[in-house]
Every structure is written in structure tokens, then in C-alpha cells.
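**Student:** A single structure is presented below for examination.
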Ligand code: PGA
């Protein structure tokens, strides 16, 4: 079992200066937490300036979005090839991209492929809507989004990606999923990946939970078997709360390491 992966998705919040100040404060609060990989997804404007700063502090960066073509006449877009070397991760298929900006499976799988092609680890976000959940269609929604997102990559490439299970109804709503339901969804994700890409891919793929994670509920998710970390929106904007969650993840990692020894 690897380190817990904790990703802050700041969305369209924090100026470049605020983001830089956040990194300083976070470093003061968490110091070296070797059991946790900390990833920050700032506004695109802050990626370049934060790139040097985070190296001193042992944080990694993620792009919140990017375009799937490497270059060309695509006004306003930033490509994965332009982000290469600046970020280690790239969010793909976040529910806000799917539902506010109308991204379809075709766009999402092209972005997953573009990230892989450019040495960026895609974080494929999937999850059912409230009505799919009410209609008992959670498993189908997960299945369709996995097939839709991963169709262009190989089993070996799937081993190295991250899947974030984020029920749409839980994002930014304060309504978080019951750990028992998350456990079931994460098992389902690995089962479906096993069927599609084989046992090794299912074993190695990292799976996160996201959706209204806060200081009080974080530990419960981190302790679920098969959950490798968290994708955090609102709470990640509060540096003290975010640092608290990182400390909790570090403690859980140490406890697991002790058990395994
Ligand atoms: P939230 O957002 O933590 O504010 O629910 C999670 C996300 O959008 O990834």
C-alpha cells in the first residue's frame, strides 16, 4: 500500500498571491509528512509561479483542466504538453467540467490519453448524479464513465492512473456519502477495472473519494479498504482544515504500516 494521496481542488478560487501564501502557511502547518503525498490544483495562472515554490516544500501540482490536443489554433486553451514538467497530475472529467461545460466521454478519454502521452497522471473523476442514485443506476453510471474515460489507454497505463469517485450530489453540497456506500463503490470500480483491464490494473490503480470531505469525516474515508486518498474542494481552501486532514492521513498511514510490519 502506497502513501495516501490528498489533492486540493481550489477550483476558481485564490489569486496567484493568495495561492503562494497558502503554500507557505501549509508548509508551516504540516512540515514533512512522509506518509502523505500532497497535491495542489490551483488556478491555471498560478501553475507556473507555484511550480518552483512547491519543489522546496515537497508538494506536487495538478492542473484542474487542459485541452487534449498538444498545440494548434485553439484560442484560450492550454495543452497537456504545455503543462508537461510543471504538474504531476491533471484532473479529468470533474463533474463541473461534465455538467457546467458540457464535456462528453469523447473529450474526457482524449484528455486522459493526452495526459498519459505527456507524462501527467490523469485523475479521472467519476460518479453518479442524484437521479441516477435514486433510480438505482450507480453501478451503470460508474461503468459507463470508466469505459468512456479509459477507452484510449492500455492496461499498463491504467495501472498508473488515479480514479476519483465523486458522487455528483455530494460535491459542494455538504451532503457526503456514507462510508459504507463509498466502500461499495470503490469495490465496484476495482471490479470493473479488473474486468476491463485485468487484475494488475485493478490492484495498482489508485482510487480516491471526493465530495464534501471535511475535518470530521476525512478519517472515516481514509480508513476504508481500497481508498487511497481524497479529492477535496471547499475544505481545501481553509489551510488549517486542510492541514488537519493531512495530519490525519499521516497518522492512518503510520498505523497501517505498523500493522503490516
Ligand atoms: P467539495 O468538492 O469538497 O467542495 O465537495 C470536491 C470536488 O469538487 O472535487
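Indices start at 1 and increase along the chain as displayed.
Even glycines carry a Cβ here, placed using N, Cα and C.
Pasting the relevant annotations from TrEMBL:
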type     : residues            : note
ACT_SITE : 94                  : active site, electrophile
ACT_SITE : 166                 : active site, proton acceptor
BINDING  : 9, 10, 11, 172, 212 : substrate binding site
**Student:** Out of 9, 11, 172, which binding-site residues have CB atoms lying under 6 Å from ligand 1?
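**Tutor:** The ones that qualify, in sequence order, are 9, 172.
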**Student:** For residue 166 (active site, proton acceptor) and residue 94 (active site, electrophile), determine the Cα separation and express it in whole Å.
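**Tutor:** Cα-Cα, rounded: 8 Å.
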**Student:** DSSP on the residue listed as 'active site, electrophile', three-state: which is it?
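**Tutor:** Going by the DSSP assignment, the residue listed as 'active site, electrophile' belongs to neither helix nor strand, so it counts as coil.
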**Student:** For the binding-site residues 9, 212, which one has the sparsest Cβ surroundings, going by other Cβ atoms within 10 Å?
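**Tutor:** Checked 9, 212; of these binding-site residues, fewest Cβ neighbours within 10 Å: 212.
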**Student:** Would you mind pulling the DSSP three-state label for residue 172 (substrate binding site)?
**Tutor:** coil
**Student:** Which one of the recorded positions (94, 172) has its C-beta surrounded by the most other C-beta atoms within 10 angstroms?
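**Tutor:** Output for this query is 94.
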**Student:** Highest CB neighbour count within 10 A among the recorded positions 10, 166?
**Tutor:** 166
**Student:** Taking the Cα atoms as reference points, how far is residue 94 (active site, electrophile) from residue 9 (substrate binding site) in Å?
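**Tutor:** With distance taken Cα to Cα, residue 9 (substrate binding site) is 10 Å from residue 94 (active site, electrophile).
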